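These notes are about the structure you will find just below.
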Amino acid sequence: MELELDAGDQDLLAFLLEESGDLGTAPDEAVRAPLDWALPLSEVPSDWEVDDLLCSLLSPPASLNILSSSNPCLVHHDHTYSLPRETVSMDLESESCRKEGTQMTPQHMEELAEQEIARLVLTDEEKSLLEKEGLILPETLPLTKTEEQILKRVRRKIRNKRSAQESRRKKKVYVGGLESRVLKYTAQNMELQNKVQLLEEQNLSLLDQLRKLQAMVIEISNKTSSSSTCILVLLVSFCLLLVPAMYSSDTRGSLPAEHGVLSRQLRALPSEDPYQLELPALQSEVPKDSTHQWLDGSDCVLQAPGNTSCLLHYMPQAPSAEPPLEWPFPDLFSEPLCRGPILPLQANLTRKGGWLPTGSPSVILQDRYSG
């Protein structure tokens, strides 16, 4: 009996045989092999066995399901070759073995199906978070949409938590670095403040020294100025004392002494006035024979009581004449004989004596001290 397979089944069987490695035994014969297989009636499998085999072959394992769900990737295989007849032939030695194989095939397929069922693997964080939220997910796949949303939300929370922890860790490291820099800069600031205080103290000490030096300079300048002024005053006073003495000693022998004459003119009285000036001392001391000589304009020295003497100088004047002039007497007095003022006296002598002329004579009286 020949088993006829369609094109899809033939491709599937060719893929399986290629994976098992039996394809390379007779490549030349496989090309010339016919497509129909001649199997005995006892070796023909039943329909349900073929269905189970195909289901077991077509259903992927759990690991492949998880990988395909996380990262789907489609793999396409092109099968454009024919299968040889010898590759699919089965050589069974006995019927017992064939019966046992037919009896063990369903159990084996169930075990394989149980092993190949996809299981949901959760981490400890996911389990703890689900327990906190009071959610329960099944351990097998596939999951419903709500369960998938719950699982995604839980995983998103875990990712956010990890990212927050990482950001906190980085922030902590950054803050620690800033704190260390702040401590270092504060230490440097304290050192600089100490240096500034030291420099301020040095500046104050230098200012004190400068003030002391300025005070010393001012004192020295005041002392020098006072001493110089004192010396200058002494020199000026010495010069003032020496110059007049030198001038007087030089001029005493060479130049005649100049005497100033202070004159006073008495008012002329008429002859009819009974109160006329009488000079008894003059009448007693001046002789009569020398009256005309004295009246002619000569000088006469009269001794007054005490240490004073009077110089009488007679100058006849007309009634309408001007006051008498002052005459110096350098010949009579070579030395300063008169310490007091020289007073010119103008008087009208009495005519009873007979020695006064008609006119207004003037008399000069000069005091003379006799030491």
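Note: Cβ is positioned from N, Cα and C throughout, glycine not excepted.
Within the list ASN203, ASN348, the entry that Swiss-Prot describes as N-linked glycosylation site is ASN348.
For the ranges 13-17, 238-242, the feature annotated in Swiss-Prot as motif 'LXXLL motif 1' maps to 13-17. Checking the candidates ASN222, ASN307 against Swiss-Prot, the annotation N-linked glycosylation site falls on ASN307.
Secondary structure counts, DSSP: the domain 'bZIP' (150-213) has 64 helix, 0 strand, 0 coil. Taking Cβ pairs closer than 8 Å, the transmembrane segment (231-247) reaches no residue in its own chain that is 6 or more past its ends.
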